[in-house]
Structure formats: structure tokens, C-alpha cells
Ligand code: KG4
Ligand code: ZN
């Protein structure tokens with residue numbers, strides 16, 4: 001048995017530059033020795049979304065600083081590492097390239113093994129880092145860029161049961177906030193505003209619930225919200241605070257109901273595998289939403305399945321998840337060479353068909 005394995009992880013696929021050191025002790029217990037994250041929200045706030053070129057430059061400027069800080073905080077020298085793991089996709093290509101080049105530089109200077117990690121595998125393996133959940137478990141990944149149900153069988157074995165055919169839920173929250181003049185990121189603003197609202201005043205659609213599969217669609221919700229907003233503005237000349245709160249509450253209730261029902265369907269498929277200790281785990285920034293969390297917890301209770309929600313700092317983008325995925329890949333014998341390339345598209349489950357709306361080049365993730 002390997003006594004100890006220490007891996008440096010790098011993450012730069014979207015708008016967070018992150019580095020972390022994770023150690024596996026006694027062959028089974030992971031410890032996060034450090035986890036440094038430099039966010040870029042203020043660089044992009046004026047543009048209403050992440051600007052890829054600005055993100056790539058900021059990653060290039062911050063990667064070496066984050067590596068230095070991660071090593072210092074972990075009190076670990078480069079000579080004490082066993083490997084360097086890096087997000088090699090999917091994501092914004094300039095950012096992913098910055099991370100891959102940085103990791104290659106470290107690997108070639110030190111002779112350390114290089115391990116390219118799929119960003120989504122990082123999220124999907126987080127419940128093993130935080131709660132040592134056993135395979136196979138069901139994962140719901142809900143973030144600003146992604147939404148999918150996965151059965152996680154191993155560090156390289158995923159079955160995608162379904163996902164969004166258009167917007168991710170976080171994207172829908174962000175667009176809703178923009179339409180109502182609330183601050184970004186939209187998820188927390190809409191959640192707070194909606195607490196004062198009546199979720200039943202406005203009727204929002206529950207998209208794709210008429211179909212038996214696990215696919216989701218969120219883009220229609222923002223169109224419905226825009227129509228309701230414009231109608232109120234036309235009738236009253238503007239929105240009251242109560243209108244805004246009711247719109248937020250109604251929008252959020254539609255997302256909660258849709259996710260709860262599709263989760264029930266995903267669980268039925270997962271339970272056919274008769275796992276010893278069935279678990280639903282969540283990851284991604286949207287998992288911070290209290291109503292979504294409690295709805296999922298309730299569904300788990302109904303179906304007799306355990307519920308695992310890692311702490312928020314490990315649900316959102318970070319490099320500890322990449323270092324940990326690197327550890328599992330290392331133990332599975334997966335190494336990369338200096339030809340490792342950055343991949344803007346990299347579906348976790350290569351066998352499942354591309355979802356509608358995933359673009360001409362096929363599934364992004
Ligand atoms: O996972 P994440 O940090 O970044 C990526 O998308 O990769 O997720 C960010 C998303 C944003 O869209 C944000 O609005 C959403 O998560 N979010 C929330 C909440 N907190 C963050 N959505 C709903 N409710 C929340 N409380
Ligand atoms: Zn992510």
C-alpha cells in the first residue's frame with residue numbers, strides 16, 4: 001500500500017485561478033494541505049459575463065503566484081511532491097492552456113509526473129475527497145456552466161444519465177438577476193430577493209417534465225420571466241419591490257420542482273445498479289441554494305438514499321478537487337506526457353449521445 005501521496009493541482013478553466021496541495025495518507029485518507037483561489041469577478045463585472053481573453057491573461061499572471069502560495073501554505077517543497085495535476089479541459093481554451101503550460105513547466109523542471117484532469121471529473125470526485133463516498137454514487141452537477149446527472153463508477157468511468165439541453169441553472173439565475181436589475185452573481189441575489197416573495201403569484205413553466213428522461217431545459221424560464229416583467233412594466237410603468245420578489249420566488253420554485261422531479265428519475269435508474277450504500281452527491285455553485293438543497297434532501301429521504309453536499313468552497317471551482325482527481329488517476333496508473341493538450345470540449349461520458357443544444361462540434365462536456 002502507498003503510505004503517502006502528495007499532489008499539486010492547478011485549475012484555470014473559467015474565471016478562477018487556483019492551486020492546491022492534497023495529500024493521501026495511509027493510502028486512503030485525503031487531506032487538503034492548502035487551497036488557494038484567485039477569483040476574477042471584478043475584471044469581468046462591467047461586461048456582463050466572462051471575457052475569455054481577459055480571463056486567460058489574468059490566469060497567466062496569477063498561476064505562478066497561486067502555486068507559490070499553495071506550496072508555502074502547505075509547507076511543502078517541489079521536491080516533496082509526487083505529481084502535478086492540471087485541468088486540461090473542458091473550458092475556455094486560453095485559460096486551460098495557461099494552466100497546462102504552467103503544469104508542463106513544473107513537470108519538466110522537476111521530473112514530476114504530469115496528469116491532465118477533466119474539470120468535471122474534479123467536481124464529480126469531490127464527494128470522495130470530502131466524505132470518502134464509495135463507488136458507484138449519483139452526482140448532480142449544477143453550476144453556472146454545467147448541469148448533468150452522472151453515475152460515478154470510478155475516476156475514469158462515468159455514465160451520464162441526462163443534462164441540460166440549453167442553459168445551465170446558474171446561467172438562468174444570472175440572467176434572471178440581470179433582467180431584474182439585481183447584482184451578479186445572480187444566484188445569491190435571486191435567492192435572497194425571493195425569500196420575501198410569493199412563489200405562486202406568477203406561473204412559470206416546468207420544462208421537459210412531460211418527457212420521461214433526465215434531460216433539463218432552463219432557457220424558457222428566463223424568457224417567461226422577461227415576458228412577465230415586460231407585462232408588469234407596461235401595465236404599471238415599473239416593478240415594485242414585491243413584484244421583483246414574487247418573480248424571483250416563482251422562478252426559483254420552477255427550478256426547484258424541475259430538479260427534484262428529474263432527480264427522482266435519475267435515482268430510479270441509479271438504484272437499478274443496486275449500490276450497497278446509495279448516495280446522491282451535489283457539486284457546483286448552484287448547490288449553495290438552500291431551497292434546492294432541501295428539495296434534494298427531501299427526495300433522498302423519500303427514496304432512502306444518502307445525501308452528500310460538500311462545503312461550498314469545494315463545490316465551486318477550486319484546485320483541491322483537481323489535485324484529488326490527480327491522486328485517483330495516479331493510483332489508476334494514468335499519466336500524461338508533454339504532449340498533453342488543452343481541450344475546450346471534453347465530455348466525461350464519451351459514449352452517451354451529445355445533448356441537443358451542445359453545438360455543431362458535439363458535446364462540450
Ligand atoms: O460552480 P460555480 O462557482 O462556477 C461555475 O459555473 O463553474 O457556479 C457559479 C454559479 C453562478 O451562476 C451563481 O449564480 C450560482 O452558481 N450560484 C447560485 C447560488 N450561489 C451561486 N445559484 C443559486 N442559488 C445560490 N445561492
Ligand atoms: Zn466548475
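Yeah, the Cβs are placed from backbone N, Cα and C, and that goes for glycine too.
Nobody curates TrEMBL annotations by hand; they come from automatic prediction.
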Just to be sure I read the record right: 119, 123 are listed as binding Fe cation in TrEMBL. Which of 257, 276, 317 is listed for the same site?
317
Record-annotated substrate site (TrEMBL): member among 167, 174, 210 besides 141, 142, 143, 144, 145, 187, 191, 289:
174
Overall pLDDT of the domain 'Gcp-like' (31-324), taken as the mean:
94
Any same-chain residues 6+ apart from residue 143 (substrate binding site) with CB under 8 Å of its CB? Would you list them in sequence order, or say none?
123, 168, 170, 283, 284, 285, 286, 316
Listed binding-site residues: 119, 123, 141. Which have a CB under 6 angstroms from an atom of ligand 1?
none
Of 141, 187, 289, 317, listed as binding-site residues, which ones have a Cβ less than 6 Å away from ligand 2?
317
Look at the binding-site residues 119, 123 and tell me which residue has the greatest number of other C-beta atoms within 10 angstroms of its C-beta.
123
